[in-house]
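Here the structure comes first, spelled out in structure tokens, and everything after it is commentary.
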Amino acid sequence: MRTLNTSAMDGTGLVVERDFSVRILTACFLSLLILSTLLGNTLVCAAVIRFRHLRSKVTNFFVISLAVSDLLVAVLVMPWKAVAEIAGFWPFGSFCNIWVAFDIMCSTASILNLCVISVDRYWAISSPFRYERKMTPKAAFILISVAWTLSVLISFIPVQLSWHKAKPTSPSDGNATSLAETIDNCDSSLSRTYAISSSVISFYIPVAIMIVTYTRIYRIAQKQIRRIAALERAAVHAKNCQTTTGNGKPVECSQPESSFKMSFKRETKVLKTLSVIMGVFVCCWLPFFILNCILPFCGSGETQPFCIDSITFDVFVWFGWANSSLNPIIYAFNADFRKAFSTLLGCYRLCPATNNAIETVSINNNGAAMFSSHHEPRGSISKECNLVYLIPHAVGSSEDLKKEEAAGIARPLEKLSPALSVILDYDTDVSLEKIQPITQNGQHPT
């Protein structure tokens, strides 16, 4: 306040200059955010349109629906608000109600698509055989249709019928508020009923479902990783016990410590992966929805706790929209999409090498699993097959694979008939785990 008063005393010229500088910085930042959201989600949509093998994967339907909702946020929501932020008023007149409906619809659709993706991944990893039979393109379209229908119902109908607005305390206040909103303001106050009900449907129920599904995914992955480690230790132990010296006497057997370390690292990677997924989503949207439920209970001019000014509230609104720029990185940056992006952008030489070390985890009918590795050539696009992503953004490193090989960790189940195959990309920090289809003889297709 002291700085503001001093600048005002220095003359209006300095105030205008500082205000102009703030507007320029705001315009640059918001433009970068909008462009990054447009670029990321446009690349996802273009990759699926361009490459048939991406369209053949049912789980990619949900990723595309998410990309479309985030793309609509960048086209129908963010630019109009950015212009209003820079101009200092709402210059689009009666378009306000339509914009508010678009805002609620697109943001809700993005969040519900994230929820559907978490449920899809949980079904795929918890009941893989049933998932392969039940999760058809028709079933995927039904889930996507439910998410979008709910988003439309919660947005356009209440907004067009003015159910979302708070009732004015007096007729004079109502006329003044309507006139202000029509001329230069589109920040209409929500009614308490609509603010709470829409927040519950748009955020609190989906985030609760996501917490449950990703927690269960971590527990399943933890059990499988420990089972793998136990089998690897047993295989190494048996191999060491069968080794003999020159005089025919067996060598003393020892349990390898490297297997315990690798098991712990794998569990840590899964935990970090799921923490990134939930952490980014919650950090972006939770502050807004908390304030969205509190502000309707704040009277005009009140200075109660959490009754913040409009500028602070707008900052948290942009935090929520920023989630749309991060979703392509988290959910559509696996090996298949990265290769498609490299092809679309024509940057095989400039982009990071795609000669990735791939570790395959095969799980048989008894729930046992094994790891094996292979390499994919630079610039190659995987053949068309039905794959299902389980956990996005699995974090890995090629050094772990080298350490396992140097430690002599065996692959105990290589000869078994695997039922499922889960691929972890070890060359990058972002990848998706997948399930390969099963042939009639119970083997993976070659």
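Every residue gets a Cβ built from N, Cα and C, even glycine.
Thr59 and Lys165 carry different topological domain names in Swiss-Prot and therefore face opposite sides of the membrane. Disulfide pairing as given by Swiss-Prot: among Cys186, Cys241, Cys253, Cys283, Cys96 connects to Cys186. Between the candidate recorded positions, Cys186, Cys347, the densest Cβ environment within 10 Å is the one around Cys186. Cys96 (disulfide bond) has a Cβ environment of 19 other Cβ atoms inside 10 Å. In three-state terms derived from DSSP, Cys186 (disulfide bond) belongs to neither a helical nor a strand segment and is classed as coil. Per-class residue totals from DSSP over the topological domain 'Cytoplasmic' (50-60), listed helix then strand then coil: 8 helix, 0 strand, 3 coil.
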